[in-house]
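Dropping a structure here in structure tokens format, bear with me for questions.
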């Protein structure tokens, strides 16, 4: 691509510097009619590539863990929906679907739990906004709630409206009838979704309505961390209570639930609504609260303790990602217990989120390593890889727009658009589908980021500065 770009620049320079004799002007003009459109087309074609290089050239953010987790999460979401597409294809062929599920090695079944990436998104969003507002309050001794909402509007709404219109083209009548549910971010309450993943954005927007007020309330207390822990425990209890309130939710094995008419009951009660997905948002607030008010605390742990913490937390993450269990032949269903299932349904997402937060905080509060340490080298190779910076920057459009590219990737690999003609999907097919879906989604998302997302964020900042002057400008805080 670099060679092609250099060639394009050379051609353009040659055309610019060319001084044809008078008798050749007409001939040159005719040639330019064909050359210039080609150059414009080629420039447009490689625009995502050049935009990606600009993003990668940006310095790392203050919290490199955020870029890593956000980039990893968007890859997890796309991978999950590549698998989920098989469930859609075999919706009316339960035997074929079970054959596909059984072909997944038990050790790899955690991939079916990649939808938990949404919980990471919740935690990251809450952390970043809480930390920013705490910075603002430290500087101004106040928070402009109206500016907070204006900032959220320009960050979310422009790209969201584009996504709503594009997805709405598939069913104009539904868009005209139910579009206002989406515009108000209440579609998850009334099951009126148009964008497949909007339910998660609706949960975030509903949380944003109370977030600045909750922060102001907690700042009045000297025990903000304590009250956040109380809220986290209460949110976990609320999820347990919702699951307990309907026996079908926890007494039905998942392999039966997701193929039955009762799946909508589970999704509407446990998946799509804020009352059962609140915990990671509160955990994000706790994360911000701890490192803002206790930035200099340090843990002195032996190598054995460090190893035990990492092994135990990674084990909890792995185990929680293996739930829910899709394989009917799993040992989990050979000794099925509804009370254990109730606990698993209630806690698997919470355990996942808590384990991730423990690792983040454990790493943050460790004594800073020397430049030559193994940990520092691992950090540079993994967390500071510029790939995560790129994926993090375009995570929002990738999250919105990956669905059609997952479908296109499956069509390319399967070689057919006739769903009913597909009798079997082999596990190896998922690798090229995932690669194609990620590549196409990234390319399109770079366009969306360049044309819409980044531009409107910039416009929003200009309006914020004009309307609110310096209010809500974060303080410079050294941790």
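Backbone N, Cα and C atoms are what each Cβ position is placed from, and that goes for glycine too.
What TrEMBL lists as domain 'Acyltransferase 3' is 64-448. According to TrEMBL, the transmembrane segment annotation covers 72-90, 110-134, 154-170, 199-219, 226-250, 270-292, 304-327, 347-367, 388-413, 425-452.
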Are there 3 or more C-beta pairs under 8 Å linking the transmembrane segment (425-452) with the transmembrane segment (270-292), counting only pairs at least 6 apart in sequence?
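With fewer than 3 qualifying Cβ pairs, these stretches do not touch.
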Pairs of Cβ atoms less than 8 Å apart decide it: which stretch in 110-134, 154-170, 388-413 has the most with the transmembrane segment (304-327)?
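Going through each listed stretch, the top one turns out to be 110-134.
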Which sequence positions outside the transmembrane segment (72-90), separated from its termini by at least 6 residues, show Cβ-Cβ distances below 8 Å to it?
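For the transmembrane segment (72-90), the far contacts come to 96-97, 100, 111-112, 114-118, 120-121, 124, 197, 258, 388, 391, 395, 398-399, 402-403, 406-407, 409-410, 419, 422, 425, 430, 433-434, 437-438, 441.
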What else in the chain is close to the transmembrane segment (199-219), if you only count residues 6 or more beyond its ends and a Cβ gap under 8 Å?
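Same-chain contacts beyond the ends: 118, 121-122, 125-126, 129-130, 133-134, 137, 143, 145, 148-149, 152, 156, 160, 185-189, 193, 227-228, 271-274, 277-278, 281, 285, 289.
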